[in-house]
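Quick look at what TrEMBL annotates:
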| type | residues | note |
| --- | --- | --- |
| COILED | 94-125 | coiled coil |
| COILED | 331-358 | coiled coil |
| COMPBIAS | 408-420 | compositional bias 'Low complexity' |
| COMPBIAS | 421-430 | compositional bias 'Polar residues' |
| DOMAIN | 1-263 | domain 'F-BAR' |
| DOMAIN | 324-401 | domain 'REM-1' |
| DOMAIN | 443-503 | domain 'SH3' |
| REGION | 403-430 | region 'Disordered' |
Amino acid sequence: MNWGSDLWDQYDVIDKHTQSGLDLAERYIKFVKERSEIEQTYAKLLRNLTKKYLKRGHKDEQDCKYSNYASFQDILAELNDYAGQRELIAENMIESICNNLSKYLQELKQERKNHLSDARKAQQSLDSSLKHLESTKKRFAKEWAEAEKTVQQVERLENDPNSTKLDVEKAKHVANARTRAAEECRNDYAAELQKYNKEQNCYYYVEIPQIFNKLQDLDENRIRKMAEGYCKFSDIEKNVLPIISRCLEGITAAGTKIDEKQDSLLFIEQNKSGFERPADVEFEDYTQGIKVSNSDTILNQPKLRPKLRLFRKHKQAAAEDFSHLPPEQRKKKLQAKIDDISKDLQKEQDQSDALEKMKDVYVKNSQLGDPARLEPQICQTNQKIGHLKGELAKYETWLSEAVGGEESSNNTNNNSQHSSLEMTSDPSQNIYTDFDEFDDIEMPVGQCTALYTFEGNNEGTISIMEGELLTVMEKDKGDGWMRVLRASGEEGYIPSSYVKINA
């Protein structure tokens, strides 16, 4: 059963039915778009929520050392990932359903329009043929009636005794002409009728069935496409369920990994003062101090013991050596300060080494730059190094006083020796001693991409732009600089941290 054979005379019904199917597809597309907007709004609200409760600042970072604080941050991170999956659902629905189905729907509308237009053209052609047949039929009827009249006229003249032979002959000639014309019209009518019947048969048994069957295929394809869209509506969310499940499992894991005992120990370690508990109050006997007099008997007034407060707040001004803090807290603060100074010192030392090496390069190859231009920077860096060494020695001395024990002294000495070794590293060990001049032909050692823009204002350095592809001519040898070649042919040094080595 098909539309062409069973619905051959239901053009209007088929037109309305196919249009209704297209309307349904448009409604479904609109529905999916609104669902996607809901997902996007939901994801945005979740992201704003996690951003609102994420910890920021030094105090919050201290709190996050506790497992229950850190777990809450993990939950917020997992929820942020969960929001990302909701965004992915919205994007996939727009791409896989809305966009694809909208494109298909436009093609479907054009195809349906063409089929219906073909059906109307076929109907118009058949109607035109029918009109021509009716016109031929009427002309045949008219000519045949006129021929019959002329024949009757001949019969009357033949029976009229008053008519002449010439009148009779003339009437017969006219009758014969009318009869021949009527016969021609009859033949035309018969031919036109045969032609119309053939066109009508083709219209009802060939053209219309083919067009209606195509419309049937079109509608069935639309239904199949809609079914796929319905399934995708569910499959898109199913595809991200494993990741969503991992996010939810991560939230559960964040709750189960909380260790209340460890949090308590960490709290104790961070805040214990190191003071000894107050000793027992000794008994003081005042009976030995009684003196009798004529006036009132007066006991020697006892010396009042100052009130002991278990929880004292030190409101002293913060001292540079942290002496206002309890012993344990003071040691921690001093050690943290020493670590920070050591890092800054190492950084300045690396900068000094790099400048010295660059100066050596300029001395060996004056075309690259003037060594004298680096002197102010080298001098400034050496001043910073001297200042930091003094600061480091000062804080190490305070730490030694705070620790006061042999073990802590050894640790401090070890730290001092390690820092001294780092600070007194021989700058003569120049990584550029084997440096070849730029004019020599060298093989590149790789490629890299600039992560940031760098202005090469010093001699021997070059400027690079963010995202620029560079050829690595010499890798970083530990001084934080590398030599690269730009596409323009310009060659020079750049900071290694400003680029990413391509695999």
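Placed from the backbone N, Cα and C atoms, the Cβ positions cover glycine too.
TrEMBL annotations: computationally assigned, not manually curated.
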Which residue counts does DSSP yield for the domain 'SH3' (443-503) in the helix, strand and coil classes, in that order? 3 helix, 27 strand, 31 coil
Average pLDDT across the coiled coil (331-358)? 87
Residues in the domain 'REM-1' (324-401) grouped by DSSP into helix, strand and remaining coil: 72 helix, 0 strand, 6 coil
